[in-house]
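These features come from TrEMBL:
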- 25-475: domain 'Major facilitator superfamily (MFS) profile' (DOMAIN)
- 18-38: transmembrane segment (TRANSMEM)
- 80-100: transmembrane segment (TRANSMEM)
- 112-130: transmembrane segment (TRANSMEM)
- 198-221: transmembrane segment (TRANSMEM)
- 284-313: transmembrane segment (TRANSMEM)
- 319-342: transmembrane segment (TRANSMEM)
- 349-373: transmembrane segment (TRANSMEM)
- 385-409: transmembrane segment (TRANSMEM)
- 421-445: transmembrane segment (TRANSMEM)
- 451-471: transmembrane segment (TRANSMEM)
Amino acid sequence: MAVGVAISSDGKQYAGKITWFVLLSTMVAASGGIIFGYDVGVSGGVSSMDPFLKRFFPGVYKKMKEDTETSNYCKFDSQLLTSFTSSLYIAGLISSFFAAPVTRDYGRRPSIIIGGLSYMVGAILAGSAVNIYMLIIGRVLLGVGLGFTNQSVPLYLSEMAPSKYRGAFNVAFQICVSIGYNSATLINYGTVRIAGGWGWRISVALAGIPAAVLAFGALFLPETPNSLIQKGDDHDKVKKLLQKIRGTNDVQDELDDLIEASYTSKAIKHPFRNLMQKKYRPQLVMSVLIPFFQQITGINVVSFYAPILFLTIGAGESASLLSATVTGIVSSMFTIITVLLVDKIGRRPLFHFGGVQMLLSQLLVGGIMAAKLGDHGSMNKPDALAVLILICIYMSGFGLSWGPLGWVVTSEIFPLEIRSAAQSIVVAVNLSMTFIIAQVFLVMLCHLKAAIFFFFAAWVLLMSVFVYFLLPETKGIPIERMEVIWREHFFWKRVIGNSQFPEDNKVEAA
């Protein structure tokens, strides 16, 4: 049993049920995950297509096809190629800090609309690119879109969802990421067969479709009650919206907590500076380490570069794209299972189960590649099949744990007064880590070879220990009363000491 991490809820639950109104609203918002997943899937796919490489990265194409001296692990080692992938994420990192004040001051919905429109323009520009500069500028606009949507969509889902089903609603974001990824890999598998070598343009430009759906669909979304209260809207208007969202007239308790949280929020003039206070130290640590760990699992190695990895072990162009599709579908299936389990058994058990799967599968993949794949030649089919199966096991573990839960936990643990600032840190760390890994992975693959899987396995072990000891369970606790988990945790209660929370002031006044 975990040491000192059993947190008891204060027993407060708000009235309400899942309504069609909140379902449709969150479905539109969660589709923001599709554009994120689509980009991850399409980037790795087009990077393995011959016509794309010949046009923009001829040096990589020559090494892949003609150079018999270069190691299998080094054929794709090109800083220009990694810049194509990672430019999006550095743009997303920078834009996430601009997204925070927009989300806080103008609402979650405007931030979603800005993100969708930027991504749509970027997809059109990248799909019609005639040189590397046009391609990179398109990627930068895509990154701005991701910076805004990844900052606002998880907050929107958490604030609209009923507290006892909040985990399932937030997993919808990761399901949409999986839908986007799988769609991209299937489209890549089809477009690579188009004669004339322009199929990659379809793969890249089609990202504009889900972005348009998100941007124009968001025009019809309601703003969240939390955001309306924060902006100073009439309380009666917010109460009517809450009644519509929850499907009940009994919403006064939830409204009172929202108003109380809003008063605290408005007293904070500098949310980033406020986040550094001792009483918010647990949230600050989680806002940095959870997205850091999510990316250092090695998921982007598999997601971005799955086709390249399968090309490395000797699969053909079409076979490598098909293998990437299979692993994505497996991850999606287990993400759906998470929806059914996250609010029943909690977040922590899923982190544990998934961590074990990822750790063991990465160790075995590294062992097989070290033993069976040298610098030249390729694997035999049984060994390559074993690698594919183990990567599917790894993807299922990620789909069960760090994939969806990395977004779920970080979207539900922040008080309203620091929520936008903390979420922008989550997005910034997530995108900066994605950028770093995308930028250095091909170099690491060249130098570490199969040992790169042992590198990521060591991080999975470390993050599993972190969750076991330092991450409290958040299942069933209302989002505006989440401070209880830190005050009752064996470690964090010593870190925050006697810091005052809004709830303390309420009790003292009584």
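Backbone N, Cα and C define each Cβ position, glycine as well.
Values in this document were obtained by computation on a predicted structure and should not be read as measured data.
Stretch with the most C-beta contacts under 8 angstroms to the transmembrane segment (80-100), considering only 112-130, 421-445, 451-471: 421-445. The largest share of C-beta pairs under 8 angstroms with the transmembrane segment (198-221) comes from 112-130, of the ranges 18-38, 112-130, 349-373, 421-445.
Taking the domain 'Major facilitator superfamily (MFS) profile' (25-475) as a whole, pLDDT averages 84 in the prediction. For the transmembrane segment (421-445), the list of distant contacts is 73-74, 76-79, 81-83, 85-86, 89-90, 92-93, 96-97, 99-100, 103-104, 143, 146-147, 150-151, 154-155, 271-272, 274-275, 283-284, 287-288, 290-292, 294-296, 300-301, 304-305, 308, 312, 406, 410-411, 414, 452, 455: same-chain residues at least six beyond its ends, Cβ to Cβ under 8 Å.
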